[in-house]
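Okay, structure first, notes after.
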Amino acid sequence: MSRKASDNVEYTLRSLSNLMGEKKRRKQQQEEAAAAAGERSLIASAESCTSINSQSTGAGDLERAARKQFQQDVTPAFVYVVSVFSALGGFLFGYDTGVVSGAMLLLKREMNLSALWQELLVSSTVGAAALSALAGGVLNGVLGRRPCILMASLLFTAGAVILAAARDKETLLGGRVVVGLGIGIASMTVPVYIAEAAPPHLRGRLVTINTLFITGGQFSAAVVDGAFSYLARDGWRYMLGLSAVPAVLQFLGFLFLPESPRWLIQKGQTQKARRVLSQIRGNQTIDEEYDSIKNSIDEEEKEGATGGPIIYRMLIYPPTRRALIVGCGLQMFQQLAGINTVMYYSATILQMSGVDDDRLAIWLAAVTAFTNFSFTLLGVWLVEKLGRRKLTLGSLTGTTVALFVLALGFLLSAQVSPPVTFTPGDPSGPNSTCTQYSYCNKCMLDPNCGFCYKKNGSSIVDSSCIPVNTESTDRAAWGRCMNETKSKAGGSIWAYNYCPTSYSWTALLGLILYLVFFAPGMGPMPWTVNSEIYPLWARSTGNACSSGVNWICNVLISLTFLHTAEYLTYYGAFFLYAGLACVGLIFIYGCLPETKGKKLEEIESLFESRLCTCGASDSDEGRCR
Ligand SMILES: O[C@H]1[C@H](O)[C@@H](O)[C@H](O)[C@@H](O)[C@H]1O
């Protein structure tokens, strides 16, 4: 099909989609079209452009055929280049949040870090990301998307250099905060930038690629952690410093990449916007797209004359208020479903399923990260096939089931938890709390204690609950399990944070099931949907708020996981996440409209009716109309 013909089809498609919902008029047009031998109307023009036999098509068939034809049109490679360079921000987000667990194993020994300092180094990054994601809204609106991405890559580079060269823990803390600032800005800017550059039929796929890069970053971090864990001295410098490579690459790339055309039009830089639009659309005609963006901005400006801060205007205008609730709700439930307890504590959960070798647990954590990555790839493929709504609902349903499997696995393990059969005297004098527990289950949940036992065939014998060594959780403070190597040679096994039971494998099964379901939908969709549901004037602020909610809930869940497990037990914690996921399912079923294939400028109308009527229609495309 010639380029001109494809433009006509595109134009016709848009005109047709405007006609959707106006059934009466369409019917009339069909009749007119039929009466005039199908040559005069828009439908007929699409027919001629696409060479579809004029007798065989009703409006629905015609529209489908025209849409297919349009989608088959070649998308300029430049859009992919822009998306991949932006998504390096996602890679760094994943790498820097993932790498710290392996680095911490080495750092805590080399720098003698207390538990408080370890927690500070992990959570300072996530906390800083929450703050900078919120601030990123103003920066994006005022400076534009491109300067924000450049700023994020500079912060990533600076952070990596500071961390790799750090001589003390205070410098490490500074480096982690700098990296966190970069993560926050990147996490809210990149999806918006990609969504604004992508053509509607590829937007979901391209924004989802950003999450593929996040999980790819987490997987690479796990592999780097595994590889450098053999380098006991300074291995952490490589782990933390290596992120400078993609950061510099992104910085250099973005020196040559353009600003978002939508932001340029909003700022009145129309000539530049036209140039960029032609550049990213190749030689397709951009007039219709340009006019549609321009018109919607003009309309927004007329309507938005009320003034006041953007967040205030978003809250008093029902469609943006509803979009904000949906966007923040999605991000909140993504985190409340417990993804980062699974990602950050997968080694611990794997130990629960009987893996008693630290290094093996690190490598198996890389397998977990790989599962997350590879199933996000499935999401990239499914997002334009199933649409956002079906994919998110299916994914969260499976995730909820997996959380119940995890919880039941822990419950069964707790019920057959081996008893403590041997209570040696504490050589340091007064008995510790550890010696008061009569089952492994209770002993395991106390962070100060571990379970030391021997195996006779498949049964557990001579088991005791002993205080953990203050310097390393790999061994007991005293007794048979005091020395790692000696204890193995002597047949004694030290279990910290887990109990050896025959049901432990259910934890592994639950973990894998969880990621298989979570990764294609609940992982990427909150980012994808947020990048498209706000009108331009509210887009930066909407994404800043929802990303902020994501990071705040991330801190909340990942920092409280171990304490929650202590108070509610492991199975209690996972039942809690399963319950929260059920609430999320109801919310998403009721409130998430389908945005697949819509122009960004059309999406606002999806939020015009009452929020929880969004799930009322069973049509795939027409929710919330
Ligand atoms: O979408 C991402 C992804 O699912 C990651 O694996 C997770 O660590 C992030 O918190 C989340 O925002």
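Every residue, even glycine, has its Cβ placed from backbone N, Cα and C.
Listed in TrEMBL for this protein:
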- 82-596: domain 'Major facilitator superfamily (MFS) profile' (DOMAIN)
- 77-95: transmembrane segment (TRANSMEM)
- 115-136: transmembrane segment (TRANSMEM)
- 148-166: transmembrane segment (TRANSMEM)
- 172-194: transmembrane segment (TRANSMEM)
- 206-232: transmembrane segment (TRANSMEM)
- 238-257: transmembrane segment (TRANSMEM)
- 323-345: transmembrane segment (TRANSMEM)
- 360-383: transmembrane segment (TRANSMEM)
- 395-414: transmembrane segment (TRANSMEM)
- 503-523: transmembrane segment (TRANSMEM)
- 544-562: transmembrane segment (TRANSMEM)
- 568-592: transmembrane segment (TRANSMEM)
- Selection from 77-95, 238-257, 323-345, 360-383, 395-414, the stretch that has most Cβ pairs under 8 A to the transmembrane segment (148-166): 238-257
- Note on the structure: Checking 77-95, 206-232, 238-257, 568-592 against the transmembrane segment (172-194) for Cβ pairs under 8 Å, the most are found for 77-95
- Message: Check the transmembrane segment (115-136) against the transmembrane segment (360-383) for contact, please; criterion is three or more CB pairs under 8 Å, pairs 6 or more apart in sequence.
- Response: no
- Item | Contact call for the transmembrane segment (568-592) and the transmembrane segment (323-345): at least 3 Cβ pairs under 8 Å, seq gap 6+ | yes
- Spatial neighbours of the transmembrane segment (503-523) far in sequence, C-beta under 8 Å, 6+ residues away: 211, 214-215, 333-334, 337, 339, 342, 346, 349-350, 352-354, 368, 371-376, 378-379, 382, 391-399, 401-403, 405-410, 412-413, 416, 574
- Considering pairs 6 or more residues apart, do the transmembrane segment (323-345) and the transmembrane segment (544-562) have at least three CB pairs under 8 Å? yes
- Mind checking which residues reach the transmembrane segment (395-414)? Cβ under 8 Å, same chain, six or more beyond either end. 333, 337-338, 349, 352, 379, 441, 499, 501, 503-507, 509-511, 513-514, 516-523, 525, 569-572, 574-575, 577-578, 581-582, 584-585, 588
- Query: If you count Cβ pairs under 8 Å, which stretch among 77-95, 206-232, 238-257 touches the transmembrane segment (360-383) the most?
  - Reply: 206-232
- For the transmembrane segment (206-232), out of 77-95, 238-257, 544-562, most C-beta pairs under 8 A are with 77-95
- Residues of the parent chain within Cβ reach of the transmembrane segment (544-562), under 8 Å, 6 or more residues beyond its termini: 119, 123, 126-127, 129-130, 133-138, 140, 184, 187-188, 311, 324, 327-328, 330-332, 334-336, 338, 340-341, 344-345, 447, 526, 530, 573
